[in-house]
Amino acid sequence: MAEVTVNELATSIGAPVERLLKQMQEAGLQHKTASAKVSDEEKQRLLAYLKGSHGEAAVEPRKITLQRKTTTTIKTGTGNAKKTVNVEVRKKRTYVKREDDVVDNTQAAQSQEQDDELASTVVEEVQQAEPSVVPVVDVAPEPEPEPVVEEVDVAAEEAEPVEAAVDTSAPTRFSFTDGIEEKRRAAIERRQAEEAARQAELKAIEEAKRAAEEAKRTQPRAEKPADKSAAAGKGAKPDNRQPAKGKQAPVAVPVEREDAKHGHGHKKHHHGRNDDDFDDDSADRGNKRGAGKAVKKAAAPKKSSKIDLLDFVGDDSEDSDVLARRSHIRAHHKKNNKHAFKKPTTQIVHEIDIPETIAVSELAQRLTIKVGELIKRLMKMGVMASMNEQIDQDTAVLIVEELGHKANLVSENDIEHALEKSLETAGELTTRAPVVTVMGHVDHGKTSLLDYIREAKVAAGEAGGITQHIGAYRVTTSRGEITFLDTPGHAAFTAMRARGAKATDVVILVVAADDGVMPQTEEAIMHARAAEVPIVVAINKCDKPSADPDRVTNELVAKGVIPEAYGGDTQFVQVSAHTGQGIDELLEAISLQAEVLELTAVTNAAAKGVVIEARVDKGRGTVATVLVQQGTLKQGDLILAGQSYGRVRAMVNERGEQVKEAGPSTPVEILGLDMPPSAGDDFVVLDDERKAREVAAFRAEKERKEKLARFQAAKLENMFSNMEAGQKKTLTVVIKADVRGSLEAIQASLADIGNDEVQVNVISSGIGGITENDVNLAVTSGAIIVGFNVRADGATRRLAETEGVDIRYYSIIYQLLDEVKAALSGMLDPERVETIVGIANVREVFNSPKFGQVAGCMVVEGTVYRNKPIRVLRDNVVIFTGELESLRRFKDDVNEVRNGFECGIGVKNYDVKVGDQIEVYEVKEVARQL
């Protein structure tokens, strides 16, 4: 709290500035003006001084109780009858520290003189107050000392306001006598006096009533007239005044106050007993115990009586001051004492996230209600579900809105979208090296070309060459670096395309000059086109005598690959892997293509990339080859790749060297993943391991569900379920044949099958057995594989079973065409055909109490069936279409009535007339044929 001035402090506490300055000087503070600053420490000193002056500084206990317990044994009896008895003695003593102990001798002497004067004054007041309770004693049959003592106590109570008034006029111990506190003290004293007077008046009324009842009860036993009873009452008056003359009344006062000090209250009837009770008890008991107590009280010393009385008076005044101060504090803090908690009066609305499916127990937990109550609400909606069953999103939304909460629809892919949004990289873009994939037929020199590039550009001058198993490496040219990916079988490339990742920037298509375009070459062209990646054609083996580059160029033109010399956009380079002819030109063409693409990446950001391949090495664990596309991958980063995650424990480059970080377009091997990721999976760097674990688990569950749903995705019978309504349906096929002639014949025949609604789309065709590449391509495009006189090997069959791809084998071309045509026919919408099965004429109409109007009919054609739809014709015009409600023959329900028989027909929700025709028909769906 900031410092305040003396004037501000006086205003806040409601005291005059002059008195506050005087008190501060008495407390030892050096403040003389109203503008002087007062710190928090000085406020505490002033408060401590004021508390000390008011007698509140000492907070130590003023009463102590000591307890002692001793156990002894005594022997009782004589002779053989002796026995030992344990005797336990318990003693308890209480010591009370008086206020007078802290007063010095001088003040004690002065207080003694004042006490004597006050005692005499109080005794006189007590003697004067005695006549107010005379009617109470007047009805007593026998005067006794005990009632006299109690009457003196009542008079002392009435004299309490006088004592308080006398005490306030005397000099007090407090040095802080503010006008406000004096007014409050006076008000408290006035209220106490009024309360005492009211209690005395009520007590007098009650005593008068009780005396009247006692007089009525004792009147039959009276032996003297009423004046004699009055004389007896007069005779009791001197007895009542006798204890006052002997100054025994002050002895009774501290007895009552001693009870008050021990917690019995300031009111005499606090425990349910009053003076009349004591009078009755003493009258019944006689002069035995009551007289003894009166004698003991009368025998008390005079001086101690006066001291006890003054102690009582001082305590009362001190209690009044304490009450005044407490009331002042309560009034000062009344506004700040409000409870901070407010009971909510409006309904609390929660926002509930609802996924596509949610368990009943989980929804109840989010709604903060009991599961039983939620199940009751579901039953009211017609949904029978237990606490562990899943309900759909729409039902959960209805429940949430019915309870008055807000529902937030959550998609299953929200976690992926949130992850992508949190991984958005922003920074300065820099030029990166191109990523090149070499593809082609295995016999066309692809491996020799890669070996020559590595030996000439990477391993020249290094002992041992490079590590072959990494499958990726970088080459430095005059125009920069180039990253090569070696992906045998192109499995990773297909997986990348399936996930929409463009890990490859340029494809080098290797074609042998002496062999021409082969099926694998066509497959590579289709892969490149599917990924929308530019192609650079490398015509290899140009050093051979049988090389014919022109023939290769013409064959590629026939496949849609147009060279720049023919007006296309594809670069053609003639190379030789043995002599090195055209290698530099090939690298130059790649660099030129990269410049056209303007490849850039962010360097100073979290790393992103793609997994090229993964394996498990003994002693090293999971080893994954990754290609960094964005950012910088560092050792120790937490990466998430598909369903696997972990920290990078080590990184190895293409030379087998340990590296600490890898930038964009850099392939490295990493160690530390918990399981091998799939080839083509994207990887990202995260900061939160818990989030990585959650995303990995979500992806694993999602893949499991997709595999369950994918078993029907590629089946011929369910192919139409994947097509969108209103669009031309397509049957996607991958064809493999034994010879090129058969393949061309099959392609031409399939192209002729189809119409405006369905068609066949051949995405890939080739010669030879069915390979894993074909299966991967079919998985990506949702196609079926057709093999003509070819088969799939064991690994391919296992992959097809795992991915749920349908492979069909044929040896006769007509069977292949018929099944494809049947599949296309199954994709066509069926045709609905109506057939009339029976006609009945209405000849009479009857009224039935159960069915209403019933038509008596004669079946004139076909058969009338009970459960088939009908039409009612009147004058050969259809006036009603519906169904039969009942069909009877001779009061018996029947399912059908044949031609020439009579029957009763009840038409549901319609009235028929005589002469109408009832036409029974059925609707059949007829499959359409191409």
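Every residue gets a Cβ built from N, Cα and C, even glycine.
Feature region 'G3', per Swiss-Prot, maps to range 486-489 of the set 486-489, 634-637, 754-757. Swiss-Prot lists region 'Disordered' at one of the ranges 160-179, 640-659, 660-679, namely 160-179. Of the given residue ranges 72-79, 440-447, Swiss-Prot assigns the label region 'G1' to 440-447. Region 'G4' is the annotation Swiss-Prot gives to one range among 388-391, 540-543, 848-851, 916-919, and that range is 540-543. Sequence-distant contacts of the region 'G1' (440-447) (same chain, at least 6 residues past either end, Cβ-Cβ under 8 Å): 508-512, 515, 518-521, 524, 540-541, 577.
The DSSP breakdown of the region 'G1' (440-447) into helical (H, G, I), extended (E, B) and coil residues amounts to 2 helix, 1 strand, 5 coil.
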